[in-house]
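Participant: Features from TrEMBL:
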DOMAIN    A:63-175  domain 'ABC3 transporter permease C-terminal'
TRANSMEM  A:17-34  transmembrane segment
TRANSMEM  A:60-83  transmembrane segment
TRANSMEM  A:104-130  transmembrane segment
TRANSMEM  A:162-183  transmembrane segment
TRANSMEM  A:204-223  transmembrane segment
TRANSMEM  A:235-262  transmembrane segment
TRANSMEM  A:289-310  transmembrane segment
TRANSMEM  A:546-569  transmembrane segment
TRANSMEM  A:603-625  transmembrane segment
TRANSMEM  A:637-658  transmembrane segment
Amino acid sequence: MFFKLSLRNVKRSFKDYFIYFLTLTFAVCIFYSFNSVADQEAMQDLSASQSDMIKTLKQLLSFVSIFVSVILGFLIIFANNFLIKRRKKELGLYMTLGMGKYKISRLLVTETLVVGILSLAAGLAAGVFISQGLSLLTASMFDVDFTGYAFVFSNDAMLKTVLYFGIIYLLVMVFNSIVISRYKLIDLLTAARKNEQLKVRKTAVSVMLFILSLLILGIAYGVMLKYGLMESTALVWTCVGLGSFGTLLFFMSLSGFALNIIQQSKNIYFKDINIFVLRQINSKVNTTFLSMTIICLMLFFTIGVLSSGFSLKDAMNRDLEAATPFDASVGLFIEENSSIKDIRQAEQKLGLDLDSYGETHRFTRYQTDQSLKPLLLPYKDKSSEPLVDHFDQTYVTAIARSDYEAIAAMQGKKPVKTKDNEVLLLSSAGSTFKDTFKRFTRETKTIKLNGQTYSIAGNVIDFASSTDFKGLEFLTAVVPDQAAVSMKPLHSITNIQYDGGERAKNDYLYKLLSASMRGQLQKEQGFTLSGATKTMVHETYTGASAITVFIGIYLGIIFLISSAAVLALQQLSEASDNAERYTVLKKIGVTKKGINKAIFRQIFIYFMMPLSLAILHSIFGVQVVNKEIMVAGGGNVLLSSLLTGLIIITVYGGYFLATYSGYKRIVK
Amino acid sequence: MDSVLRVEQIEKYFGNKGNVTKAIDNISFSIEKGEFVGIMGPSGSGKTTLLNCISTIDHVTTGNIQINGTDITQLKGGRLEKFRRDELGFIFQDFNLLDTLTGFENIAIALTIQGRNPSEITQLVEKAAAKLEITSVLNKFPYQMSGGQKQRVASARAIVTNPSIILADEPTGALDSKSSRLLLDAFEKLNDEMQATILMVTHDAFTASYAKRILFIKDGKVFNELIRGTDSRKEFFSRIIEVVTLLGGDTNNVF
């Protein structure tokens, strides 16, 4: 009997619950999909560095999932609270009929359980399919070649989803019981009649607050644009704080003030029933500026992360070929107090026979006494500025002419001939410094290295003398062999082109080099190796960008759904209060079409308000991020913005339409 | 012919076969331009049903209702909505003001619904407000107004569109006697000075005494008709009371 009542309640209010149910299902679906990705078939056949990457991703995902479940927990409790508010009268009726609070709680618990189980089942079912697509996307992001495709159901992810959402639903039940136990019967029965008090703020105060909010936002934007993300973490957080506060002030003041402006424009104000629509929104912004602010910030995060994430991915994958001319390069840091002075010695000590890997060439890279900063500072531009500013300890490096010729030959390139008093300048960071170098070689004809003045031969050439992570050879001078000998040796490097059996060689070198990076080699052998394999560089860049994009998309979509759901639920829960107002409008002669138009405008403005400010924030935010990305090689902002726009329009627009039709149904 | 409203032999049945209630049983009357007519009757006499039929909210079962020469029983859908919007002005017992709008906006919205030219709206609202002496509350919200002020704002909303006929349903029902008097004085003024045609339903004899003519309805039929003529309001009031007593029910509202 009891169960029947709850079941019927769920069924009857299914239309009202639709958005709630939809959100729960979405949340479950996304939660499962992202957590199951690492278990997918496509992720099984990986190289050593790739599986490390996936491990990192999995760890990150489990952290992020905790954060996500906290957000979803809040969202679900919030949504549930709205639904209870709507049903106050019904609950009051149960109470007058003699149902105790304990029983009502039990009724609600059963209802939550039914909705919970249904949404879990639906979400998991959808998730199983979505995750297949997601795994394909992930595989392509990580550049994994998957040969066989199999349908995978991840038990781990399912258990995790059920556990996390089980906890959330349990919290909802506890929360409901507390709320119910605190209600008084009289409040429940008269709930519908209680009107929210309208807060009226003075216009002058609103205008002042508004101007203040614009100032604060302007300062935050300005500081970020000027100093960028890398200057100092404290500065970034201050700007984020300022921006958030500015947003809050913006929405707080907007209501008292925007109306006044619109009232001046008689053509808008006196058109249709805009008077009513404006007042509706105005009365709500007065009381919901806090949620508006949070939604705006969440949307900003979503837009920012999605669009810069996509362009980061794009940027990271550029110039990879140019930076990796050899299958592998292993380099030794030459230290004065170490007995190992040469890469060959290091190889012997490690028992590593690199010559058996394929064609090899060994050379030394030297350091000159010419600092880079005074050289390039006058020619810096937007793209090179962040790097040039930090070049205090960076010097022009040098290689001997004979080495250059051998390396070029090994790369299958024709070496550029130079005279004895000439140097050739090389760089592997050409995409960032392109214009800077152009201006530099146009204006500067000579360069002084270790007391010797050389004339510069032609332009700076895009050339990497070894395979390494991108853009580390900022500027290398090719000097005569006898001049190189007197310079300070920096690296001793072996370049290798494999002759087959790549996988095993790659994995061995990857392990060796990553052990060196962790400092293990220094401890055990007393020296440090640098360098990379071609695969490693590719996988690190694609992997790093893929992880960023992946986590970004995960959080972004959760935030997007959360904000859209909050907006939708707010609107719908107010729809029943507004139903009376719409009845009055009907009585004084507004047509059905006119009413629908008013509802549309009201919801549209309500949805657009946080979105438009978020878009404005993002325009600045993405610019700041792009400045950093340009250092990494520049990305395609337009494409990623379009992609982001598409996601937002689909999810946000979907919620908007669902709200609109739900609202119409309630008002009718 | 100057009849604003002509009601011809209308009947209204509720219920279905075997269990029919005749709410209106063959009523006919007409109202000339500039008349102020009251409809009185005990509860259940059919006066609200009659008003609903005239105001196009409800449909008659048989008979015709003509307003300004248009037979409203033949109108449907969009034309009906348009007719109601342009030709009728409503005043309700519970005001039906929009609580989120100021007094000014509550009046202006009636004009914006009609799609009037924005430039003339402010002037029209102020003129209507001046007639009803509510200029001082135009910038207030309904919850900052007294009941009488609210009802006068609602009345301003009804007259601002210059409708053919103003239909008032128990306009003083929710007001105290002082506010009622103020409101009715305003009605009288509107009627005298602007030749506004008013049809007012009430069961309160004092309210009715402001009208120029009163139709008494009982059991869905016109039971009696009183014309004020040259009587003072006090004399008219006494005559109304006589009829009410004769009518039987509802004396509670008088004594």
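Keep in mind that glycine also has a Cβ here, set from the backbone N, Cα and C atoms.
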Participant: Who are the long-range neighbours of the transmembrane segment (A:603-625) in its own chain, taking Cβ under 8 Å and residues 6 or more past its ends?
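Facilitator: That would be 221, 224-225, 228-229, 243, 247, 250-251, 254, 277, 281, 284-285, 292-293, 295-297, 299-300, 302-304, 307-308, 312, 563-564, 567, 570-571, 637, 641, 648, 652, 655-656, 659-660, 663.
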Participant: For the transmembrane segment (A:235-262), could you work out the same-chain residues 6 or more beyond its ends whose Cβ comes under 8 Å from its Cβ atoms?
Facilitator: 200-203, 205-210, 212-217, 219-221, 223-224, 227, 229, 268-269, 278-279, 281-282, 285-286, 289-290, 292-293, 296-297, 609-610, 613, 617
Participant: Does the transmembrane segment (A:162-183) reach the transmembrane segment (A:204-223), going by 3 or more CB pairs under 8 Å (6 or more apart in sequence)?
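Facilitator: Stretch pair does not touch.
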Participant: Using DSSP, how many residues of the domain 'ABC3 transporter permease C-terminal' (A:63-175) fall into helix, strand and coil, respectively?
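Facilitator: Going by DSSP assignments, the domain 'ABC3 transporter permease C-terminal' (A:63-175) contains 95 helix, 0 strand, 18 coil.
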Participant: State the non-local partners of the transmembrane segment (A:17-34) in its own chain: residues 6+ outside its ends, Cβ under 8 Å from one of its Cβ atoms.
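Facilitator: For the transmembrane segment (A:17-34), the nonlocal Cβ contacts are 10, 61, 65, 68-69, 72, 75-76, 79-80, 83, 115-116, 118-120, 122-124, 126-128, 130-131, 134, 154, 157-158, 161, 164-165, 550, 554, 557-558, 561, 565, 568-569, 572, 655, 658-659, 662.
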Participant: Give the nonlocal contacts of the transmembrane segment (A:104-130) in its own chain as ranges (CB under 8 Å, at least six residues past its ends).
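Facilitator: Residues 2-3, 5-7, 9-10, 17, 20-21, 24-33, 36, 80, 84, 91, 94-95, 153, 158, 161-162, 165, 169, 172-173, 176-177, 180-181.
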Participant: Flag the pair the transmembrane segment (A:637-658) / the transmembrane segment (A:60-83) as in contact if three or more Cβ pairs fall under 8 Å (sequence separation 6 or more).
Facilitator: no
Participant: In the predicted model, what is the mean pLDDT computed over the domain 'ABC3 transporter permease C-terminal' (A:63-175)?
Facilitator: 82
